Amino acid sequence: MTVFTGAATAAKSSTSSTSANNASASPTVWRKTSHPPLHFNNNETRNRNLQMQLKNRGTKDDWGASLRYDIEEPTSSCSSGLPIDVPIVRKLSRPLIQQQQQKMEDLDETCSVSSTDSDRTILSPTVPMSIFDKFLCLTSNLSGLISCIIAEARKTTECEQYAVFFYDDDNKKMVLFNNETMLMTGKAYELNTGIVGRVGATQRTMNIRDVSRCPFFVSDIDEQFDVKARNILAFPLVDSSHSLIGVIVLYNKTPGFSRNDEKFIKRFSYFVANAIAHAILAKQIEEVRTRIHMVEEFKVQGEDVVIEEVDIMRLVNDPLRDWRYFSQNFADFSFPPRSVGENHFHKASMMFFEDLGFSMQYKLNKRKLSFLVLRVSVGYRPVPYHNWSHAFAVTHFCWLTLRTDAIRRALNDMERLSLLIACLCHDIDHRGTTNSFQMQSLQKTPLSVLYSTEGSVLERHHFAQTIKLLQQEECSILENLPAADFRTIVNTIREVILATDISAHLKKQERIKTMIREGYNPMSFDHRYLLMCLVMTASDLSDQAKNFHNAKRIAENIYLEFFAQGDLELQLGVKPLEMMDRTNAYVPTVQIDFLYKIGVPVFQLLATVVPEGKTTAEAIEANHMCWVALDEECRNNPAATNELEYLRDEQLERRIYEKVRKIDPRAAELASKRFEPVYANGTVPQTQDILDHRFDGYDKKYQLGCHPGSGGSGGQMNGKQQIRSLQKTKSKVSL
Ligand SMILES: Nc1nc2c(ncn2[C@@H]2O[C@@H]3COP(=O)(O)O[C@H]3[C@H]2O)c(=O)[nH]1
């Protein structure tokens, strides 16, 4: 059997001592990197091959287009005198030659390196099976697999850069792998163009010593990621079914890629090809799953829920209600709207449109409005906080604001109608996880695939769901509007729903402060936009501007969501934010920070434009004081905050009010203000605690054990300092 270990046999152009790594033989004779060795005993064959080499000299065929090799388990290596672990490489694509036993002395005579033991080992680098085990463990993460493969290749070949191309069999193109979410989204090139395309077409490795002298080199193709190629080792990835998977290009090794590098690559590429083939298959399966999920995402949440005719007729036939039907205090800014009971949310939502005159003014079809309100309510998922009761509470606060003289003067009717609809729909299909969860989670949620490039992933989805509802025949309440007005309202709804992304609000906060400081100018489109965003954000945070009991209980629901997300992230191997990690979160300090940096400023700003809402700023400042007092109480007793139950502790709540009363009696009065249980006229008294959304996590019973967070209330000020700072601010800004 003719056995060779790739003994390099440059054309006899230089002394036999030429190093295997020598860049090339004399300039006039192109070194054949892996041309069939000439050390056959049969002189006739030898001469024929020599003539072929000389004939091909300097032509495109003389470019080290190695023949395909296959790796065969060592069988007779012991008889060949080769070290036991050297795999025997047998050519597949050459005519099977007379099996001849290769004597080691032949190697000395023909190979271009001295055949000492160490060289022989170097000549035939084996690739430890442990590498392939590593590859096979990564087939579910294509990017990770590619990184691992390249790391192994660079470790052995010491190349500077690399590029990976996959073969798109459908379009017969080589596609650059750019780590994008979806496969085959990179730049595509014709097969057979450039070195990449030639290696793909011939399925043969090419080792180009000097790209500037290679006729196949095409810079636009063969130089990717701003690499300036000097030399290239490009090898095909061909799986065990001889299908081309792709091409890997290694750039710039000093002084050039050697025979050994080729040998290594030939062994390496076979396993790499199969590992990548599996990873691509896994990726394609994942993409199909994502596409299926994305199709699901385009469905309106709850669209499978049948809206019963009886429910529609109950709303349609319900006589027009005055707001006093729900409670004598229903129109107070301090009234906690959930207390009317979930069975009244739909009716009250209908009343908002009537009370503001929109039903008459825009000829809103009552049946369609009923259908929309019912369809919106089933569009919310039963998560602890971002649920239908949150949407109702937000819409109630918006209704309170829209009916004030200040807002009637500041905004036109279409803007006010847009705000009301936006509040009702602003969190439709919320999953109880944050935007950053959509973007960071390892498996890329379908929403992040759909919207991640623009940011505000969830808000864009909420808007998409809203528009789909408004376009449904049964819910098209805006059908009687002129097309231009419809577009104006839809655009306004989009802007204010996007404004509910708290990170978007923080970017606008300074502009809103400037608008307030300079005085609201109704002739300014920017001022109108900023005011609508402020009303939307205040409505979204309004639970924190009610009494402390309401604020605390709703905050509990927020942390139920946060902790459930933290549990999910831990399962996914992602470290959750401290405030979402139930074992580390300490709610009082998170609340103190959130109210001081976001909540209180929002209602102070709103109160300067809407004097009728002045009490909301006082209420949220009072709640900030309560959280500071709660923090002091809990710090003395850390064990008490091991669960969220302490937020339901009525005795603790009374102690908080006593502490605050000593500092600011007015604040204590606002924080402790409770409304009698609400019995809407003629309905069953409320039994179930409507603030209660008991919840056991998205997929696991949650283990509690949060401990007080280290350090103060975050930022540079502790709670007491923040209170003093707020009191100073209040004295400056005339509320
Ligand atoms: N920590 C904290 N965050 C809140 C509170 N109220 C609202 N938020 C956050 O403010 C965000 C406003 O937009 P979202 O409703 O999407 O999500 C809301 C919560 O993440 C609160 O009381 N505490």
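Just so it is clear, glycine is given a Cβ too, placed from its N, Cα and C backbone atoms.
Residues annotated as active site, proton donor in TrEMBL: His386. Listed in sequence order, Tyr380, Asp427, His430, Arg431, Gly432, Glu561 are the same-chain residues six or more apart from His386 (active site, proton donor) with CB atoms under 8 A from its CB.
There are 28 other Cβ atoms within 10 Å of the Cβ belonging to Gln591 (AMP binding site). Under the three-state DSSP scheme, Gln591 (AMP binding site) falls in the helix class. Positions annotated as AMP binding site by TrEMBL: His386, Asn387, Trp388, Ser389, His390, Asp427, Asp540, Gln591.
The annotation Zn(2+) 1 binding site is assigned in TrEMBL to His390, His426, Asp427, Asp540. DSSP assigns His426 (Zn(2+) 1 binding site) to coil in the three-state reduction, outside any helix or strand.
Sequence annotations record features per position, and here TrEMBL assigns compositional bias 'Low complexity' to 7-26.
According to TrEMBL, the feature region 'Disordered' maps to 1-47 (among others).
Per TrEMBL, region 'Disordered' is recorded for 707-735 (among others).
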Rounded inter-Cα distance in Å - His426 (Zn(2+) 1 binding site), Trp388 (AMP binding site): 10
Count of other CB atoms lying within 10 Å of the CB belonging to His426 (Zn(2+) 1 binding site): 28
For AMP: widest Cα to Cα gap among His386, Asn387, Trp388, Ser389, His390, Asp427, Asp540, Gln591 in Å: 23
Other residues, Cβ within 8 Å of His390, His426, Asp427, Asp540 Cβ centroid (Zn(2+) 1 site): His386, Ala391, Val394, Cys423, His430, Thr500, Ser539
Under 8 Å by Cβ from Trp388 (AMP binding site), same chain, sequence gap 6 or more: Glu342, Phe345, Val376, Ser377, Tyr380
Neighbouring C-beta atoms (10 Å sphere around the C-beta of Asn387 (AMP binding site)): 20
Listed binding-site residues with Cβ under 6 Å from ligand 1, out of Asn387, Trp388, Ser389, His390, Asp540: Asp540
